[in-house]
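> Before we start, here is the structure in question, set down as structure tokens.
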């Protein structure tokens, strides 16, 4: 970006109006620091007159008044001057107004270019970038030289604690000029010593049989023997041409090129072919696991937390394909979304639908299900239907596909770019093909002990003194096509009475009991119909339940609180990390067969049983972040390897902890896991900071389906508690799956 006008503007900086509310609008000076990855801005608070944030913490930059804050607290005339910086995790948006339209364009374009460039860096480039930034910070007096004391502080900054003798030794090795400090070339030498990967050296030297370098034949031998890849010489040549910087013309790979390869998709833990959509997407909707959110509108807890359209955007950008809309009467005639009978804030239903339309298909083209929990009067229900039909237009499914009554749900492929409404319907879908007219009816729903799912009860056409009366608008009923909500009355009743387009919802407790006590019946039910699971109403803190037992029972829509970082969300992110992260994962064949005898609890014999030995060696880690930002705090990392799947396969093993080294700890710890149903297994690597007194602190994790794991020497990317990638951190492992039968 050298010479780029947008970058030069950001480096010079400018005043921006920071908007928090109608009464809080303050002018602050913002500028990009010379490292081109840190934003600095002034603060009027005495304790923190200057503040910074990393560009790597930015999720995206949006031009215009696109956030709730800017729409609410600024005038429409500022549209071309306004923009927002949205951060990863739970950090609040930064709503800003530039002095002119031209300056706003500089800010938005410049930041987007920097974010794009940072994301496109290779792992090796990210490491170099990170280390040299740490070196710059360690250079206290800014003389571009490094004293022995500055070197020691630098090592602490990068998460490694060493004694004074070691610092003195490495300093003397690098100080070729014997002047008492390290200059540029000497600092480069120090960097080379610091970033030397002994474990990579050992592997490379074993196969570098051509004058100390790796020929295409040598690389092919490595790929076949170690990585267990069935590839030819042409593939090895392609890898050399792709990742070798110095010797590619001679068809030779240096150690740097080999390391570059190991950090690329071909060398990572997940199969490259699984990063795109690789599964059959033409099967009925009920044959897929569907990434699903509960109380999607909430950013925090369910009692007094804020509701926001941003929560919907965040879920959609994570490829969530089933969103919940909890709709109530608004005071000004417009329906609103919030958690009823609580202090959670309210947002307009129409604003949510607008946000959903804009962001629904940015990360996935496959259909989005709008799960309605409707508590509105008939008039506002009509307005709900009007908003959906006018805003979503032709993308909204308002009639069955085709000219004849379908016999099964359509496929994700057929529904690409479309919205489906889940809710109550006044009549059966067959009526559309029988020319039956249905007038607006009174619908009675049974009272539940939890408010969470009043809408999940089927429309019962009888009255009762013990029931609550609810009128359902025909306009809203008519756009419920493939996901009609009905009450579950047992498996036998469902077999005889429930149509393929009717969906039942289950509280987590009820679903867990069915998955444990009647797993095979649940699987057979889910073979032909959709099931939605939702958290208990007692989870007011927006915590989550374990989704794995429900997936094992074939449940498709296992709704979780996306706003809550937790192990359960890690598992959800892991399952849906495959298949192009499109939000749909094809269930294994034994969860789709109408005569399946599979039972995840009893594990009766059948084609689903494939006894497999999964061998894992946790070799090393690189650039682990600090848990405590204090410079003196160095992590003592350990790694847990977990298997999540059927009960018989659940297991966890861990390494020892390494004292005071988060930069390049090495374990070489070997584990073996015995799997019975590998098609339902998830592998989770968890890195923690050991604490002898209290519970360990979380550092990072990676969860992937076992069927997506590559054999051989692989780097494992790590994600923070919010599910965001830790740009420089990772594990290096060796994995091997062996058929034990």
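Placement of Cβ uses the backbone N, Cα and C atoms for every residue, glycine included.
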> Which range is it, out of 406-436, 437-467, 468-498, 499-529, that shows up in TrEMBL as region 'Disordered'?
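In TrEMBL, the region 'Disordered' feature sits at 437-467.
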> Quick one: DSSP breakdown of the domain 'C2' (595-720) into helix, strand and coil?
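Taking each residue of the domain 'C2' (595-720) in turn, the totals are 9 helix, 60 strand, 57 coil.
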> Measuring CB to CB from residue 422 (substrate binding site), give everything in the same chain under 8 Å that is also at least six residues away in sequence.
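Within the chain, residue 422 (substrate binding site) has Cβ neighbours under 8 Å at 322, 369, 370, 371, 372, 480, 483, 484, 485, 503, 532.
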> With a Cβ cut-off under 8 Å, give me the same-chain residues at least six positions beyond the ends of the domain 'EF-hand' (162-197) that come close to it.
127-128, 131-132, 135, 144-148, 151-152, 155, 259, 620, 660, 663-664
> If you measure from the Cα of residue 34 (substrate binding site), which of the binding-site residues 373, 689, 690 is the nearest?
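Among 373, 689, 690, 689.
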> Run through 38, 42, 295, 373, 634, 636 for me and report the binding-site residues whose CA is within 10 Å of the CA of residue 689 (Ca(2+) 5 binding site), in sequence order.
634, 636
> On the 0 to 100 pLDDT scale, where does the domain 'EF-hand' (162-197) sit on average?
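Summing pLDDT over the domain 'EF-hand' (162-197) and dividing by its length gives 82.
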> Given the binding-site residues 324, 691, which one is most crowded in terms of C-beta atoms within 10 angstroms?
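Output for this query is 324.
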> Sort the residues of the domain 'PH' (1-116) into helix, strand and coil with DSSP and give the three counts.
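Counting residues by DSSP class gives 36 helix, 40 strand, 40 coil.
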> Are there any residues in the same chain, six or more apart in sequence, whose C-beta is under 8 angstroms from the C-beta of residue 636 (Ca(2+) 4 binding site), and if so which?
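Result: 657, 658, 659, 660, 661, 689, 690, 691.
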